[in-house]
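**Q** Input: one structure, supplied below.
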């Protein structure tokens, strides 16, 4: 019955392990790219806070003085988080139909801005791209009006697009595609950049940044599409451009990742408390430390380092706008080592290392092989996720292999737990049996919580055509790390150092079927305490010969007194008369 339940739980948790943790790379706040005559359209996406300022700066222009370039950009928000991540081909389509809602539920607003042709050599003077007053957004339309066929013709004449767009260059006036917003915009044009008339803008009305071109109007996912073209000639040209998306308070941090950064900061504090508490307990009861408690301390230390590195990575993005790729790879490697050590800890705890058996023996090689294989796949998967696209085929293959190895580990853990608890039940060791029952209940809780979360995240993020719950995306990463910290806390509580630490330690039993190495260990321990050991011989096929029985009986007669009186009474007798009387009484009893 128990074995069947364990197999069912192992199958459930193995299925859960097929869904990898939703670790998402942090969105940058700065981009540096090169535009040329062969590369003219550049899509960017980010989840931004309200009043985030977008700056565009040309660093270097390599072109002739007679060349004029036409620059156009589109800033568009959407309630669907999965809509804003575009490739170049999709970005070109969005530029053609800029004011049309493309996805069901993808409500939002847009700003389309097109500059007059600018001499290429003048682009180094970046004030040409800046605006004096931030333009106000216009709401998207769900379908094309019958009386406005010219919207579809926008791709034919880009100058007409600029004229029909609700916003001209910085000195242009607003048109009236959205009359509900027009009155507020005409009253105080300098405050129109906040997007919502009822909100009071703080810094955007002054536009303190020299290279600012736009400002966001709500907390939402945004796409920013930049197009640079030369329609008159076929001359070659090249521009080096910097793009920044910076908030006055949150700086370069994405709106969807700000809670995740706070989560990592909290986890750093939690792991520091874990480490300090565990170090104090080890120092107080250092005489009775079990081997498994060193493993727990190692997992706590690696977890603390991992959370600190991830938090430092988010801090780098917040302050600098870009993440250091080497630091990201180091964080992934450190995370892989921690995850491997954590799974090895659960494996050796489930097989009863230090509790039921003094050593792993033949299991050691299997534990090492599985741990190294899991760590290898973890490192490869993490590096591929940092350096390649999320849809990479190599990344997908690595994730499948990692899920398979994790499924095998889960199966091994539950089967080992059943065998360990069965052995403790046969030995009637209630203290250790209670320990493993609590440990099993913790893993069952982890299974149930994982199943519920996987069901919720699948329905919310995978089966939804429009992912409107972008504010909850950070939970996909934080849940698994928080769940592990809870399991680690339970393990720390169950295997905590205490004054009664040795009640959980392995106690060797005299067993005829014991292995040769266990007999040698018992002999070494007994000799250390001054106990005399009788000789032992290896018997072929485990057959006990009659001569060994005779030797055992002879050893008992020679070393064990026939009565406790032989040991206890002689020091207490004071006279020869009492000795004679005692011997006489003993002879009568015999």
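Placement of Cβ uses the backbone N, Cα and C atoms for every residue, glycine included.
Where the annotation comes from TrEMBL, it is an automatic prediction and has not been curated.
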**Q** Which range is it, out of 43-97, 98-152, 153-207, that shows up in TrEMBL as region 'Disordered'?
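**A** Feature region 'Disordered' in TrEMBL: residues 153-207.
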**Q** Which one of these stretches, 363-382, 503-522, shows up in TrEMBL as transmembrane segment?
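**A** Range annotated as transmembrane segment by TrEMBL: 363-382.
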**Q** Looking at 236-260, 261-285, 536-560, I want to know which stretch TrEMBL calls transmembrane segment.
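**A** That would be 261-285, the stretch labelled transmembrane segment in TrEMBL.
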**Q** Report the listed stretch (261-285, 292-312, 439-458) having the maximum count of Cβ pairs within less than 8 Å of the transmembrane segment (340-356).
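**A** The listed stretch sharing the most Cβ pairs with the transmembrane segment (340-356) is 292-312.
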**Q** Look at every Cβ pair spanning the transmembrane segment (394-418) and the transmembrane segment (439-458), keep those 6 or more apart in sequence, and say whether at least 3 of them are under 8 Å.
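**A** As far as Cβ distances go (cut-off 8 Å, pairs 6 or more apart), the transmembrane segment (394-418) and the transmembrane segment (439-458) touch.
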**Q** Quick one: average pLDDT across the domain 'TMEM87A/B GOLD' (26-123), no decimals.
**A** 90
**Q** Assess whether the transmembrane segment (261-285) lies in contact with the transmembrane segment (439-458), where contact requires at least three Cβ pairs under 8 Å among residues 6 or more apart in sequence.
**A** no
